[in-house]
Every structure is written in C-alpha cells, then in structure tokens.
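Peer 1: This is the structure, below, for whatever I ask next.
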C-alpha cells in the first residue's frame, strides 16, 4: 500500500561481534545493505530511499569506527521516526569480552578504541561497550554471537527477519550452563542451580533434560514445583508489561551448572506453557556438548 511505512533495519553493536557477516547474510536475504554509513547521513540517505520504489528491504550497518559520529545515532533515529516516514528496527550484535579478545588476536586487528595500538585490547573493548550502552538499551533485537557458528547466526537472522509475516511479539526460552558463561543477550536470567541435580544420580548423569527420565526427576521434585509455579506467575505478570513497552522479542535464560539437566528441563516446561499464549522459540545452548553420538 502507498501509505505503508518502509522498513529500515539498523545493524550495530560491538566491533568484532559479526556485523560484516550479518551484512552479507542480509544481502543474501534480499536486503539492500549499506555498510559503515555515518549516522549524520542517515536522514539524507533515507530521503533517497523513501523517494524510490526500487528498495523495499533496507539495512544500514553503523559502527564505532568514527566515535564522534556514533553519538548522533540515537538522535538521528528519533528524528526519522518523529517525522513519521520510517519505522526503524535496531539489531544489536554483541559478544563476550573473552570472545572478542580471541577474535581480535586471531585477525591481528585492534578494536576502534584501542588507543592507536598503545592501549590494551580489553580496555578498548570495555570502553566501546560503555559508549554503546544507550543504543543497546534502545535496540529491538540483541543477538549474542559468542557461541554461534556463522550458519547458526544466519538461521537466527532468517527466523527473525524473513519475509514471512511475523508476530509483533515473540519469546525465546534458552537453557545454558553458568560454567560456560552467562548469555549476554538475555532479558531475564533465572538461576536454577539450587534445584536437585540429576548429575549425582548415576543412571541419569549421561542424559539431558530432553530425556523423559531426567525431565520427570527434575520437575516432580517438590521444590521444583513450588519454584516453577512462582516463576510462571511472575512471567505471566511481567510479559504484558514488556509488550506494552514495545518489546518485540523477550529472551528468558534458564541456567544451571552445565546446561545439561535442570535448566533444560525447566526451559522445556516453560516454553510449553508460554507457547499457549505467545510465539515461543526454544534454544538449548549447551546441548550439543552432551548429546550422545
């Protein structure tokens, strides 16, 4: 329809988190992609796009290579939306400090704020993370690429930004193991390490929460049932508030020690219950570590 707003996807986030890979993936998905656009040119660029019928899916990649420009990004986005001619969606790519350091060492490159090579890698990364906090808080989608392969990252993009009509709000329930690091893209993190652990039951230890024996052991414990009821009540109270605030995707992470038994079981049940009202995806971050070949 002629009066329908065009969609603008802004890709930003930590240097080294995968913006170049995402740009290529979006091109494969039919997006017109512009890389390294200074935020101060966003308004002029969008005027050109908006006056053309040749571009329907547009993405711009903006990073911190020019620090002075980056501080204008939120102002430019707000100005565009206030003028009413665009609906901007911000995709923020992140990764843990350890992963970013490893990636920089592998490529022998430096982050933008590494003080011209005189500062420590980690200092530059942490300063960049501090500067990007406001735009991260404003983002519609946050993707942690720390543990994603390029194939998994592309599939996540397809699931989120494909041409198929998407629900305005969706939930991702994720299980993880604290020993492998907390997921930095989670909105809500629940620690279930206090629940009885099947790891100490020899006949259950080799299996995961996807196995009925492990699932039943975890979920049938009285302390699990008391906790789970309160967790579900809390989420059913909170989720409408997230929707009211314009949240498009809510990521709920359930963590135990290794991400094998308890967190997987709780995540499975939670996804099952929440899917009665909302579109839900479920991810078991550590499951490939434990699936028997």
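Backbone N, Cα and C define each Cβ position, glycine as well.
So Swiss-Prot says this about it:
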BINDING   13, 14, 15, 16, 17, 18, 19, 20  ATP binding site
BINDING   63, 64, 65, 66  GTP binding site
Peer 1: Here are the binding-site residues: 16, 18. Which has the lowest count of other Cβ atoms within 10 Å?
Peer 2: 18
Peer 1: Cα within 10 Å of residue 63 (GTP binding site): which of the binding-site residues 14, 17, 18, 19 qualify?
Peer 2: 14, 19
Peer 1: Roughly how many Å separate the Cα of residue 13 (ATP binding site) from that of residue 64 (GTP binding site), to the nearest whole number?
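Peer 2: With distance taken Cα to Cα, residue 64 (GTP binding site) is 8 Å from residue 13 (ATP binding site).
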Peer 1: Tell me, by DSSP, whether residue 15 (ATP binding site) is helix, strand or coil?
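Peer 2: Once the DSSP labels are grouped into three classes, residue 15 (ATP binding site) ends up as coil.
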Peer 1: Pick out which of the binding-site residues 14, 64 has the most other Cβ atoms within 10 Å of its own Cβ.
Peer 2: 14
Peer 1: Neighbour count first, Cβ atoms within 10 Å, every protein chain included; then name which of 15, 20 tops the list of binding-site residues.
Peer 2: 15
Peer 1: Where does residue 20 (ATP binding site) sit by DSSP, helix, strand or coil?
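Peer 2: Its secondary structure by DSSP: helix.
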Peer 1: Taking only C-alpha atoms and a 10 A limit, tell me which of 17, 18, 19, 20 are near residue 64 (GTP binding site). These are the binding-site residues.
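Peer 2: Near residue 64 (GTP binding site), where near means Cα within 10 Å, there are no binding-site residues at all.
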Peer 1: What same-chain residues, at least 6 away in sequence, bring their CB to under 8 Å of the CB of residue 17 (ATP binding site)?
Peer 2: 93, 94, 95, 100, 145
Peer 1: Which residues, in sequence order, are found in the same chain with Cβ within 8 Å of the centroid defined by the Cβ atoms of 13, 14, 15, 16, 17, 18, 19, 20 at the ATP site, excluding those residues themselves?
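Peer 2: Not counting the recorded site residues, we get 63, 93, 95, 145.
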